[in-house]
Amino acid sequence: MEKYILSIDQGTTSSRAILFNQKGEIAGVAQREFKQYFPQSGWVEHDANEIWTSVLAVMTEVINENDVRADQIAGIGITNQRETTVVWDKHTGRPIYHAIVWQSRQTQSICSELKQQGYEQTFRDKTGLLLDPYFAGTKVKWILDNVEGAREKAENGDLLFGTIDTWLVWKLSGKAAHITDYSNASRTLMFNIHDLEWDDELLELLTVPKNMLPEVKPSSEVYGKTIDYHFYGQEVPIAGVAGDQQAALFGQACFERGDVKNTYGTGGFMLMNTGDKAVKSESGLLTTIAYGIDGKVNYALEGSIFVSGSAIQWLRDGLRMINSAPQSESYATRVDSTEGVYVVPAFVGLGTPYWDSEARGAIFGLTRGTEKEHFIRATLESLCYQTRDVMEAMSKDSGIDVQSLRVDGGAVKNNFIMQFQADIVNTSVERPEIQETTALGAAYLAGLAVGFWESKDDIAKNWKLEEKFDPKMDEGEREKLYRGWKKAVEATQVFKTE
């Protein structure tokens, strides 16, 4: 009887369940979208119960549709949209407010106040993060401050906090396990990434009671078992957890110091494994925990690009220049260059290494000879320039020259982007056969804990190259193009909203 690992990939817009066999191949997929709530400008929320219902639905569907029995599931791994915050009543199991999503800016005033009080460096030193609404800590404070009776309930020990991984493990285990893993804890602004403990000083600054917080565990461990009524009468080990970007790093078998993966999703995320050393960034990168396994943690440097694949969606839905995302490649390759056109897609500001929330998108270098093809090509190239910005910051902070770049996410199917990426960073770009690396990473973590895979070496053998893109551009051309990009970014920052 063939066994599988079930991976739950709980994302920002949908929940997916994917079955993996021992070779790390996909044996079945189910997906379900859920509703986004926008109660005010800049606020983004989810209904945590809707997320839970969607997860139950995809788990059921992937098992039924692929004629797999529940007793063929050796373990469950969970990967999740990071930072999204749930606070619930531990007796009733009901959330006391919507889940506040990572994108939501509703805690901006809390962050500003803490900065004015001079605590920014304290948070940076202990957590490796910026004092930004992006992270979970200020979201918990906001819920306790704004939901009637919440703070009193929290002080009395009646409320629990969790990121989405914690919420799902708690529900799946029938309320038995209130846990998170090192990678998710490191995104909360409340966890000391050096001591590997919840930090009392930070909790005091955020006025969050410690009794609400989950126990922090390794990313690969049996945390508990599914309660039988949620899983066809079976008690299946819940055995792996990691935040989405860290799971992708693991799924790409980036186990060695200096290994790098880049995800081209709606936004872009680059992570470098820095081994057992938490590298302090001087270049606007985040220092975070990659994963905890075998009794130790691996750290990572992370760079965030706010607009990556969503720039292609903009060409399709906003400007109607293309009918489908793949069409962008054929337009881009009809011309040999952009003829000096640069698109800076700072639609929601600029991420790493600039961290400029006031910047807005801009186009430079237009002439009467500029055609649609030049514009589309310039938009695709912007994904690659932004990646070089992040990679240079990583090399500078870590002292490691990146030897190859493993890639995943929707935009990696675009061969033009992959080749231009290799050219502009002067590094080989490696596209794997299995591009569901986030779900695969969670599966690997769970599989290691239950003996489905023996070791990381076992997993590394599963990684297979689909195509390698080597740099072909000469040095002079590469640097000239990149200088133009830097100039365009600088000009974009000059032209800010008032």
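Cβ atoms here come from the backbone N, Cα and C positions, even for glycine.
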Swiss-Prot glycerol site partner of ARG82, GLU83, ASP244, GLN245, selected from TYR134, TYR291, TYR299: TYR134
Swiss-Prot annotation, ADP site containing THR12, ARG16, GLY309, GLY410, ASN414 - matching residue among THR60, THR263, THR266: THR266
Sparsest Cβ surroundings (other CB atoms within 10 Å) among the binding-site residues THR12, THR266, GLN313: GLN313
THR12, ARG82, GLU83, TYR134, ASP244 excluded, remaining Cβ within 8 Å of their centroid (sn-glycerol 3-phosphate): ASN80, GLN81, THR84, VAL101, TRP102, GLN103, ARG187, GLY243
Among THR13, SER14, GLN245, ASN414, the one of these binding-site residues whose Cβ has the fewest neighbouring Cβ atoms within 10 Å: THR13
For the recorded positions ARG16, ARG82, HIS230, the one whose C-beta sees the most other C-beta atoms within 10 angstroms: ARG82
Pairwise Cα distance for GLN245 (glycerol binding site)/ARG82 (sn-glycerol 3-phosphate binding site) [Å, integer]: 8
Cα distance (Å, whole number) from ARG16 (ADP binding site) to GLN313 (ATP binding site): 22
